[in-house]
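Right, one structure below, let's go through it.
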Amino acid sequence: MKSLKKVLCIILIITIMMQAIGCSQKDKIAEKNSLSEVSKESTLEEKQTISLPYIKRHPSQANYDDFVGKVSKLPNADNGEIEIRSADLSQADLSDEFEKLLLTTYDSKTKWPDNLPEGFNPDKIMEICKDPGLGVRNLHKEGITGKNVGIAIIDQELLTKHEEFTKQLKYYSESDLIKTNSSAAMHGAGVASIAVGKTCGVAPEANLYYKAENFITENYTGRIAKDINELLDLNKTLKEDEKIRVISISWGMEEKESDGYKDLKKAYQRANEEGVFVITTSLTKGTREDIKGVKFTGMEKTKLTDPNDFSAYGKASWAEKQDFYKKEYLCLPMDNRCVAAPTGVNDYAVYQSGGLSWSVPYLAGVYALACQVKPDIDYKDFWKIALDTAVSNDKLDTIINPQGIIDKLKEQK
């Protein structure tokens, strides 16, 4: 009898212990499932909602000390341009090099000799060339600055803390092909400052949304399509009066036969349907119309001429050879612009030749000004007004006229 009672007690104890263990395991499983759901919800929430400003990384400043180094004379010109960014010319005799100096590309870290020729003042030229020109700063004085209008840019790594645009920068992400230790690129700083720079920019109070991309690889068209869609997805989360209205891409989309081309066309179509104007450097010739939809080219000026003087602008030789100065091509500033440099947060560079890379963000900036004045405008109406109000000189037929565009839009309100 005692043995039976002992056995029953043991069975009872084992049963209680098993129940306790079972409850503990169930609790742990339930807790694990609960945490898993929270984790899923958190991840989903992070994907759906990004707190702005969002800066994925702050690329380090570039170092161009070895581009040219210390030299005793000006280097030879290459395609009409003399490269002396961050060069040490302190021991060079430049007293008789006035004409050559007008062809230079230099930056804030270029070291000059004391014997510069009369009429060539690097600092003064920088200030002249920072001006967006064509009356844009007069519009700024009227309060037309692109305030809160969204400009997106897809380009190379950006010096996110540069004084020209750090306050305007609301979003910065990078392609997975960007190396995590890569420094800022000259191209990125240039296009960002032309679009929204506080002194160089056309729309200095616009919001900047930036995607850094690696263009120097095969089939970049598919990735640019992905970048456009990323920006369009982001746009859905923005306030109505802060939406991205234009995407500036200073790169050509020439890989028509590539796998990504169809995706790119779809991304363009989506952007158009969602009211976002996409601008690239692809020139429209024949079937290129399917990608860009508007025709523009760049124009040149010298370092010493007033950027607000319409008569100061002329044809760039390379564009003239390709017949890009027809009346349907809108002409935009391109050469001898002073823009943000990637070598320091307070550094600038004067580029003898900017190419269409500098024209694209300029156009994006003017469109942002137009969106501020008439929020419901679309790019087709804008383009018609831009051509109708264009100014001519003895060399060019259709120079963009920002003041004329804004005046026309004010009449329509």
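Even glycines carry a Cβ here, placed using N, Cα and C.
Here TrEMBL flags Asp155 (among others) as active site, charge relay system. With a cut-off of 8 Å between CB atoms and residues at least 6 apart in sequence, the same chain places Ala185, His187, Gly188, Val191, Ala192, Tyr210, Ala212, Glu213, Ser248, Ile249, Ser250, Trp251 near Asp155 (active site, charge relay system), listed in sequence order. The secondary structure of Asp155 (active site, charge relay system), as reduced to three states from DSSP, is extended strand.
Counting every protein chain shown, 18 other Cβ atoms lie within 10 Å of the Cβ of His187 (active site, charge relay system). Annotation source TrEMBL lists active site, charge relay system at His187 (among others).
Positions annotated as active site, charge relay system by TrEMBL: Ser357 (among others). Under a cutoff of 8 A between CB atoms, and with a sequence separation of 6+ in the same chain, the neighbours of Ser357 (active site, charge relay system) are His187, Gly190, Val191, Ser250, Trp251, Thr281. DSSP assigns Ser357 (active site, charge relay system) to a helical segment in the three-state reduction.
Sequence annotations record features per position, and here TrEMBL assigns domain 'Peptidase S8/S53' to 146-279.
What TrEMBL records for 1-22 is signal peptide.
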